[in-house]
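Just below is one structure, and these are the notes that go with it.
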Amino acid sequence: MAVTFAISPLVAARLSGSDIIGGLAGTATTLGAALLAIPTAWAASRGGRREGLAFAYGAGLVGGLISVGAVAIGSWPLLLAGLVLFGGGTAANLAGRYAATDLSAPGRGARDLSIVVWATTIGTVLGPNLAAPADSLGVSLGLPADGAPFAVSALSFVVAAVIVFAGLRPDPLRLARGRSAVPAGQRPKGSALAVLRTSRGARNALIAITVSHTAMVSVMSMTSVHLGHGGAHLSVIGLVLSLHIAGMYVLSPLVGWLADRIGRERVVMLGMLQLIAAAATAGTASQHDVAQVTIGLVLLGTGWSCGLVAGSALLTESTPLDRRPAVQGLSDMLMNGGGALGSAGAGTLVAAAGYGGLATAVGALVAVALAWTFLTRAR
């Protein structure tokens, strides 16, 4: 789905004639991922990881096809509706990292999870560069201009769903439940919120994941605007964002190894320190200082990686097996909801207080989360 990352805001802006609507394209996909996280988790809880992932990929497929139709008839409201369902692809990608931990050996959960996160690097980096070739191919096959990237993504969801159903056997969650030493009648009951009320580790993990993602999206979403106002060429902005994405994903196996070795909460706090440093570095950079902004964005990426990988591992091990899909789904919903709010609110903050003001607000948010984690950590 990364093939549509760069083009969907442009298509929405072209169809609507409004840059504001164009900005809502990314928000719609993120909001969709948040809304679909809970039913994806419910499907996994009922039938296993295969069913959950297939549901999410199915929603993404329908969203991709609706988006192609919206481009064909020139309807931006229909496009935004399609992009909400298209967020199922994000929901599936996020849920997939938890599938890697269902059968993890003791002390290896973070490393196993981090490999799944790392694997997304290829698609995330290459995807945006395939938008133009995909569009040219699509037009030659009779698809509407700008519609082919959505069709390619829809096809990729079909392929992913087939691979999941054919290859994810036996289902790791169902197998883990079968191996559980806890009798069915003694398994914990209650909602995901009930688990969070009783598990300090799960609460801290959820805070770490949500705050890290909100901070990353908020700063990242306005960086291109900040550099653009300084006259930076699009190729330069693209390079800065590519290095940021590399920081998010490339080092994730190292983050997983570190989380298994020194502890999840220590790596979570290390990530928060990096996010604060990122906000300070990028926020004090002028519009013309590409090098300083780049350093800040790389730190933003590595800090996010620490929060996501270590936080997800902490969440999993702090939650009873039978409640994991529900708690993980709630975490993904709040994570994507925070990202959507951060993306939508970042523009308002920049308009009122500048890019530096946005970075200050983000740094303060992370500092509060860091203090909470430090004071309530396991000792």
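Every residue gets a Cβ built from N, Cα and C, even glycine.
Annotation comment: TrEMBL describes 1-379 as domain 'Major facilitator superfamily (MFS) profile'.
What TrEMBL lists as transmembrane segment is 20-42 (among others).
As annotated by TrEMBL, transmembrane segment applies to 54-73 (among others).
Within the chain carrying the transmembrane segment (79-100), a Cβ under 8 angstroms from the stretch's Cβ atoms is held by residues 1, 4, 8, 11-12, 15, 21, 24-25, 28-37, 40-41, 44, 49, 52-53, 55-67, 69-71, 112-113, 115-117, 120, 150, 153, 157, 160, 168, 172-173, 312, 316, 324-325, 328-329, 332, 335-336, all 6 or more beyond its ends. Marked as transmembrane segment by TrEMBL: 79-100 (among others).
According to TrEMBL, the feature transmembrane segment maps to 112-130 (among others).
Look at TrEMBL and you will find 150-168 (among others) tagged as transmembrane segment. Listed by sequence, the residues of this chain that lie at least six past the ends of the transmembrane segment (150-168) yet keep a Cβ under 8 A from its Cβ atoms are 1, 3-4, 8, 49-50, 53-54, 57-58, 60-61, 63-65, 67-68, 71, 82, 86, 88-89, 92, 99, 130, 134, 138, 143.
Non-local neighbours of the transmembrane segment (205-227) in the same chain are 26, 30, 196, 236-237, 240-241, 244, 248, 264, 268, 271-272, 275, 278-279, 282-283, 287, 290, 293, 296-297, 300-301, 303-304, 306-308, 310-312, 314-315, 318, 330-331, 334-336, 338-339, 341-343, 345-347, 349-350, 355, 358-359, 361-362, 365-366, 369, 372-373; each lies 6+ residues outside the stretch with a CB under 8 Å from one of its CB atoms. Annotation source TrEMBL lists transmembrane segment at 205-227 (among others).
Outside the transmembrane segment (233-255), and at least 6 residues removed from its termini, the chain residues within Cβ reach (under 8 Å) are 110-111, 114-115, 117-118, 120-121, 124-125, 216, 220, 223-224, 227, 267, 290, 293-294, 297-302, 304-306, 309-310. Here TrEMBL flags 233-255 (among others) as transmembrane segment.
The feature transmembrane segment is assigned by TrEMBL to 291-314 (among others).
Sequence annotations record features per position, and here TrEMBL assigns transmembrane segment to 358-375 (among others).
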